[in-house]
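Right, one structure below, let's go through it.
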Ligand SMILES: NC(=O)c1ccc[n+]([C@@H]2O[C@H](COP(=O)([O-])OP(=O)(O)OC[C@H]3O[C@@H](n4cnc5c(N)ncnc54)[C@H](O)[C@@H]3O)[C@@H](O)[C@H]2O)c1
Ligand SMILES: N[C@H](CO)Cc1c[nH]c[nH+]1
Ligand SMILES: [Zn+2]
């Protein structure tokens, strides 16, 4: 797969819009003449959305805003020695590219998860790419959420070609400094390849995963619903139950089969269930070891003492506590971000947050008092690294200060 992805990236890098348009015809089966979404299309899209959906999107945006605005960095000035002051300032990344998946479902909720923190961070240019439908349109809710959250430009491009276009720039799609957003295995591979040299990325956020960690107190109807909620994302999604109760496991198995039949996306979900597992463990210790080793993107803890269990989680993307906290809450509207590391990457990466959209610049200011105290140590270290130019930059200042 990486070879195919590399080929697409190279062609987009060399041929720009022409290659993106060709790949849109190949992979999304759509014949486009332009990639950018016009103002008229955005307005027409907005008029197609029901008032109920607008209200729900506005509610979700408000919660996501509240949660991410509370993550604002407050840089403290630290006097490391008298007269030597150091501090950090957070600055938004100027140009960011958001990828919104659209292959199997139009994920307009992901627009909020990425554009809301980008806006709070102060990113100036927020570009969005998403695959169009076969008639060349973009789902109206994607357009509505994008406008609401402050996206500057929207383009009809999906998959590898979209990632390559944002990484290198084309005639119409601007080059950005960092690319964000989840996607299927092709999108994730493309993000990893372009990030080797040319652009930053948030993290590998691939096919969705959920683990439910449950004991005998859990409700099998809820557990089955949670497993299926992620299985329906794609045939490569994973839904895992880890439980200390054989009785619960059997009840969940029956419930999954029953609820699956009622799901419109039962074909996708049943393929995902083939990569999924119900695992019986001997005790909570074994459950915790297994969970921390799996490092699930999402973890739902439905046990009697879920707060104690949660204290012992060290590897997971986002955790949902108790029987009334389904993953769907975090996927849409509780306020936390749903763009999260998959495939074990939660051991090393955090999900998207306000921090993902900023850099911290360090500052320092030294007074003559500070230079007198710190200067000799710098001179000594520079001389021993045999870097006399460095030493001299301090010496000339100390000479001037000592003359005063
Ligand atoms: N980890 C997270 O935070 C998170 C959040 C939301 C969604 N997701 C996941 O995002 C994924 C979305 O996937 P999707 O497929 O629906 O949409 P997508 O937009 O990621 O992928 C669609 C694109 O894939 C490309 N493609 C398809 N087949 C190809 C091929 N054979 N070769 C090259 N390119 C090809 C096409 O260009 C198409 O535009 C799901 O797996 C979902 O679970 C993850
Ligand atoms: N569960 C996905 C994250 O892995 C996010 C999502 C969007 N819409 C519904 N769910
Ligand atoms: Zn989901």
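Along the chain as shown, the residues are counted starting at 1.
Note: Cβ is positioned from N, Cα and C throughout, glycine not excepted.
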(request) Figure out which of 283, 289, 331 sits with 230, 233, 390 in the Zn(2+) site per TrEMBL. (result) 331
(request) Out of 208, 350, 353, 368, which one does TrEMBL list together with 230, 233, 298, 331, 385, 390 for substrate? (result) 208
(request) Ten-angstrom check, please: count other Cβ atoms within 10 Å of the Cβ of residue 297 (active site, proton acceptor), all chains counted. (result) 30
(request) Would you count the other CB atoms within 10 A of the CB of residue 99 (NAD(+) binding site), including those on all shown protein chains? (result) 31
(request) Express in Å, rounded to the nearest integer, the largest CA to CA distance found among the NAD(+)-binding residues 99, 161, 184 named in the record. (result) 13
(request) Mind running the binding-site residues 208, 298, 331, 385, 390 against ligand 2 and keeping the ones whose CB falls under 6 Å of it? (result) 208, 331
(message) Taking ligand 3 as the reference and 6 angstroms as the Cβ limit (strictly under), which recorded positions among 99, 297, 298, 331 are close?
(response) 331
(message) Which secondary structure state does DSSP assign to residue 230 (substrate binding site), in the simple three-class scheme?
(response) helix
(message) Suppose we draw a 10 Å sphere around the Cβ of residue 208 (substrate binding site). How many other Cβ atoms does it contain, all chains included?
(response) 24
